[in-house]
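Enquirer: The structure follows.
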Amino acid sequence: MAEHGSKDFWRAVLAELVGMTLFIFLSIATAIGNRNNSNPDQEVKVSLAFGLAIATLAQSLGHISGAHLNPAVTLGMLASCQISMFKAVMYIVAQMLGSALACGIMYGARPTDNAALGLNSLNGVTPSQGVGIELLATFQLVLCVIAVTDKRRRDVTGSAPLAIGLSVCLGHLAAISYTGCGINPARSFGPALILNDFTDHWVYWVGPMCGGIAAALMYDFLLSPKFDDFPERMKVLVSGPVASTLRTFLVRNLRSSSLRTVTPPVTFQ
């Protein structure tokens, strides 16, 4: 059966929509509240909120969709041949819809004296510098995601969702003063759409998307090469991991059946 004909596929897409809605609601609510407080340490509060939200939702939804909750992570997984092209497209659409929905909710719930809605903007840096900052901050995030979810590893004994959440928090601590820290194109898209303000918006797509691809390629081909299953992974790009796994299971089952077949002894009359 094709991947898109599976109920699990659409449950995963729904999980991305629900997860992204909750993530953006929690994070934007924190960012809006931050603007009502002049304490400079509030940047730490915002960074922790983003990281804790991702860690919580990754733990809650990871078994359903993988809890990408970020087009850059989804693109990195696609470059790593862990999801199909169709699933990647549907995930990104769901993530953008979830972000827009959450920002629409916050637009109606925000304080009347706050017009920002968590909109990302460059702060004293040029667009090209912004791209570089977003690229590197996203690179470390996607590298962390792919590394801690590598099924070949046996040394990861801690919590993968917590590690990913800390990576998100770290990215915000590093980049929030310069770009507002996007590292998630869908997160940047929601406020821009609701406020109809796309000034320098391309920075928050080009930087994170390039960072996600670079991290996946760096890990898979340089840091921890895995070429033995490359043909099988390429099939995932078209048919998805479910169909690919089923195909592998059938092949192994046929092989084991042939090995169990006992040839009757030849008797001479």
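Keep in mind that glycine also has a Cβ here, set from the backbone N, Cα and C atoms.
Grabbed the feature section from TrEMBL, which reads as follows:
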| type | residues | note |
| --- | --- | --- |
| TRANSMEM | 12-34 | transmembrane segment |
| TRANSMEM | 46-67 | transmembrane segment |
| TRANSMEM | 88-109 | transmembrane segment |
| TRANSMEM | 129-148 | transmembrane segment |
| TRANSMEM | 160-180 | transmembrane segment |
| TRANSMEM | 202-223 | transmembrane segment |
Enquirer: What parts of the chain pack near the transmembrane segment (12-34), using Cβ distances under 8 Å and only residues at least 6 beyond its ends?
Expert: 42-43, 45-46, 49-50, 53-54, 57, 60-61, 64-69, 87, 90-91, 94-95, 97-99, 101-103, 105-106, 109-111, 114, 116-118, 186-187, 190-191
Enquirer: With CB pairs under 8 Å as the measure, which of the listed stretches 46-67, 88-109, 129-148, 160-180 comes out on top against the transmembrane segment (202-223)?
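Expert: By the under-8 Å Cβ criterion, the transmembrane segment (202-223) pairs most with 129-148.
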Enquirer: Taking the transmembrane segment (46-67) as the first stretch and the transmembrane segment (129-148) as the second, find out whether 3 or more Cβ pairs fall under 8 Å, excluding pairs closer than 6 in sequence.
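Expert: Taking Cβ pairs at least 6 residues apart, the transmembrane segment (129-148) and the transmembrane segment (46-67) are not in contact, as fewer than 3 fall under 8 Å.
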